[in-house]
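Visitor: Copied straight from Swiss-Prot:
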TRANSMEM  18-38  transmembrane segment
TRANSMEM  39-59  transmembrane segment
TRANSMEM  69-89  transmembrane segment
TRANSMEM  92-112  transmembrane segment
TRANSMEM  128-148  transmembrane segment
TRANSMEM  182-202  transmembrane segment
Amino acid sequence: MSEAKNLLAQGLWKNNSALVQLLGLCPLLAVSSTATNALGLGLATTLVLVCTNTAVSALRRWVPSEIRIPIYVMIIASVVSTVQMLINAYAFGLYQSLGIFIPLIVTNCIVIGRAEAYAAKNPVGLSALDGFAMGMGATCALFVLGALREILGNGTLFDGADMLLGSWATVLRIDILHLDTPFLLAMLPPGAFIGLGLLLAGKYVIDEKMKARKANTRVSVPQLQDGYAEKAL
């Protein structure tokens, strides 16, 4: 497997920052009340990861190891401030909805972790790809959890999508369940923990099935080879 494919596989599934490393749980649980909020924060985090990894990788040869962490934090804070201003300018409704969790991306362990563990040791292109893969992995986990909570809590999907995509996105709203009253458990923090637990369990089941399938394939290949050898004799 090439390095690029390995980075994508690690970021999106095998080493998913939310479902495997369990990093950034504070925004994951707090913002994932709707699919729109989850998608907005996930995309913002992905953009920060890509830009931060690129900058750290480009400057890695000139940053003294003794002061690298403060410099990384300064880079991350600069990128997050820029992203925050962009969201404020072009998606003000989403900016109000996400609130403090946009600037809190600075303290997200995913961002500083990838800068230190990968970007500081690898070329710019691969570092940017690593940031993209890790960000999209976190975004997918956020979106699935947000969609699950929104459907169970309000019976809708993509409610408030216009805050992220503009006024045309109001047509994306889907009424899936017709609830007389909202299911508050799904919308409150306990529902977020339960939903995350279900996602973790689902990933574990899928991983175990994939391992079993690979094991069966490895066992069947030698048997076929032995059968051909017996026929040849």
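All positions are counted from 1 along the displayed chain.
Each Cβ is built from the backbone N, Cα and C atoms, and glycine gets one as well.
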Visitor: Does the transmembrane segment (69-89) reach the transmembrane segment (128-148) with at least 3 CB pairs under 8 A, where each pair is 6 or more residues apart?
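Guide: By the criterion, they do not touch.
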Visitor: If I count Cβ-Cβ pairs under 8 A between the transmembrane segment (182-202) and each of 18-38, 39-59, 92-112, which range comes out on top?
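Guide: The stretch I would name here is 18-38.
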Visitor: Would you kindly list the residues that approach the transmembrane segment (128-148) from elsewhere in its chain, counting only those six or more residues past its ends and only Cβ-Cβ distances under 8 Å?
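Guide: That would be 4, 7-8, 10-13, 16-19, 24, 28, 31-39, 41-43, 45-54, 57, 110, 114, 118-119, 122, 157, 186, 192, 195-196, 198-199.
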